[in-house]
Amino acid sequence: MASNAARVVATAKDFDKVGLGIIGYYLQLYAVELILSEEDRSQEMTALATELLDTIEAFKKEIGGESEAEDSDKSLHVMNTLIHDQEKAKIYMLNFTMSLYNEKLKQLKDGPWDVMLKRSLWCCIDLFSCILHLWKENISETSTNSLQKRIKYCKIYLSKLAKGEIGSSDEKTLDYADFADDSEEIKDEDVDHQTSDLENNNNDKVEGLAPKDQTTSYEPVDEVPEFIDDADSVNEEEQTVDKNEDAITKDEQQVVKKEVDLTRPSAPSEPAAAEHKSYTKDELTKIMDRASKIEQIQKLAKYAISALNYEDLPTAKDELTKALDLLNSI
């Protein structure tokens, strides 16, 4: 779980760097909930969650304040809308993630089969998992199954890439036709329908932010892009997921080690979109406030012990009094 959260944080920072702060915003929210759902989280991860909450609040205030200015850019108004309108935010995240996923399917066929392809597939896994977690109450069962299926496909592709089964001149290359499913429509009809309804029923459309690719910003995507599904020989492929877990784990460790040095990666677990409890903003604040107070109490106790070592009784008494006051406030 810790390695998953660390990877999500690294991905969020990448999106911030390329001007897609709203994607990073929701990935950070997802990372906080991943960390808080871990009962045995380390102090480092607790501190990371606190830092993320501060970053999230600062981003909301910055966007909210700038969007209210008379000469503010239209994109700021859009981002402010995406922060406060969860239905529009869900559609935007779905639209972006499916665009990225579809682009990576084409790259799996044509190449290059480089480290960025692997990183992008992990990015798709994190984005799909984020959507399932943050909006699980507002996503149909059909869409949920569809997104979970694509997470499995991404893991299968990562395993094949790690073992050299895709893009290697000495091994069997990917036959793109193997993953075309004639039984399904090319487009994801459920999400396409949601997007159309949203645009028809709201005068203030969500536009101007959906990128054509991961590195460009503020280009509109009018509809969910064409989606090439991958379901021929699904049973055979899905049975290989568990067998290929070691190869996937090794690949993830290489990616996380390059991106962030927060914790040692462990074998990735299945995205827990429906397993984690969702917290309200007030609940998150209370949890982090309690953790912060406990950490402060520990520091004050250390100061008191240090003062006692030097027989500085007044300072020791003062520090212990502060610690006791904080303890009583919990």
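One is the number of the first residue shown, and numbering goes on along the chain from there.
Any Cβ shown, glycine's included, is placed from N, Cα and C.
What Swiss-Prot lists as compositional bias 'Basic and acidic residues' is 190-207 (among others).
Under the heading compositional bias 'Basic and acidic residues', Swiss-Prot lists 240-262 (among others).
Among the features that Swiss-Prot reports, phosphoserine is placed at Ser183 (among others).
The phosphothreonine annotation in Swiss-Prot covers Thr195.
The feature phosphoserine is assigned by Swiss-Prot to Ser233 (among others), with a large-scale study or a structure entry given as support.
Per-residue confidence over the region 'Interaction with DID2' (1-167) averages out at a pLDDT of 89. Taken from Swiss-Prot, the feature region 'Interaction with DID2' applies to 1-167.
The region 'Interaction with VSP60' feature in Swiss-Prot is assigned to 37-68; the stated evidence is experimental evidence.
Residues or ranges marked as region 'Disordered' in Swiss-Prot: 187-217 (among others).
According to Swiss-Prot, the region 'Disordered' annotation covers 233-280 (among others).
Per Swiss-Prot, region 'Dimerization' is recorded for 280-330.
Per Swiss-Prot, region 'Interaction with VSP4' is recorded for 290-330. Long-range contacts of the region 'Interaction with VSP4' (290-330) within its own chain (CB-CB distance under 8 A, at least 6 residues past either end) are made by residues 43, 46-47, 49-50.
Here the region 'Dimerization' (280-330) is broken down by DSSP into helix, strand and coil counts: 46 helix, 0 strand, 5 coil.
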